[in-house]
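Trainee: Grabbed the feature section from Swiss-Prot, which reads as follows:
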type    : residues               : note
DOMAIN  : 72-327                 : domain 'PPM-type phosphatase'
BINDING : Asp111, Gly112         : Mn(2+) 1 binding site
BINDING : Asp111, Asp275, Asp318 : Mn(2+) 2 binding site
Amino acid sequence: MAPVTEVSPMINTLEVADDKMTNLSSSGKPPRNISAMRHCNSTAWLTDYEGDERFGAKSPEGVNSTFQPVFRSGSWSDKGPKQSMEDEFICVDDLTEYIGSSTGAFYGVFDGHGGVDAASFTKKNIMKLVMEDKHFPTSTKKATRSAFVKTDHALADASSLDRSSGTTALTALILDKTMLIANAGDSRAVLGKRGRAIELSKDHKPNCTSERLRIEKLGGVIYDGYLNGQLSVARALGDWHIKGTKGSLCPLSCEPELEEIVLTEEDEYLIMGCDGLWDVMSSQCAVTMVRRELMQHNDPERCSQALVKEALQRNSCDNLTVVVVCFSPEAPPRIEIPKSHKRRSISAEGLDLLKGVLNEL
């Protein structure tokens, strides 16, 4: 098991990033109007299930009610071809210190831009802001929404941080069997459900229809996939040089979209990754890779490393960060596909037609 990111006990004051990046990159990213690869092209990783569908996140009825998830995670990062690393992540497999005897875990991926300040600050503070919220744990949705907004506003108030720094935020909060995914930006969470890919978050890109409508309603414009010609994401924390003042209406939103599911024994693992992964790999391809890796060595850290390595081989042009969370101590079982017992036949007319075609070859 990979070592988890150390998280200090909750305190009343927010932690500010200690080190500031000296050479800040541009706050924008390459245009996102080019479709991401939706197939698994590597010959080393052929998918068990063709296509890259959204299978729906509802848990099937009649599952084993005695299932109790056991959390173990692994992560891997690489700055890729960029000069600096602006991604951050957090992995906490055991929340006993924070929530008592209940089973719980917390994970996050934060894809920074315009320097590492916003991503580093969010990593250090967002989990404790969730758990310090008055609605936690009775309403994790309200607590999580509040934590995203509070983190965003704290970035505006922190004088030691670069106001032009911003970050996407993707978090997974698990209490007992209930998992809440919160996303603001274009990082993505994908559930591996017996080999099937289930996307639990939506990529918030300016060209997405719903995001475009929201942006234009608030007076924003989109140029070549960029919000106001500056950012390739429609939602982010920070970026106060774009948002202006707190309380003002701005097309760049910090509000997360939420997806909540109840884990079952069919839910094997969760993949969380920044857009550097998903720009070059489909969700289904990633799920298939992780499942086959787990069946070989059952190590989520090595799975994360394999995904990052594959993305680099596919010429990803961004920082890469991947977190893989397993829900069982055991490796996924082999999927047995029953053979069909139906007999196939062909008519005499069809046989003659087939012979004619073959004779012409």
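Quick reminder: no glycine exception, Cβ is built from N, Cα and C everywhere.
Help me see these features in their spatial surroundings.
Mentor: In the three-state DSSP scheme, Gly112 (Mn(2+) 1 binding site) falls into the strand class.
Note: Asp111 (Mn(2+) 1 binding site) has non-local neighbours Glu86, Asp87, Ala119, Thr167, Thr168, Gly185, Asp186, Ser187, Cys274, Asp275, Gly276, Asn319, Thr321, i.e. same-chain residues 6+ apart with C-beta under 8 A of its own C-beta.
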Trainee: Note down the number of other Cβ atoms within 10 Å of the Cβ of Asp275 (Mn(2+) 2 binding site), including every protein chain shown.
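Mentor: Around the Cβ of Asp275 (Mn(2+) 2 binding site), 25 other Cβ atoms lie within 10 Å.
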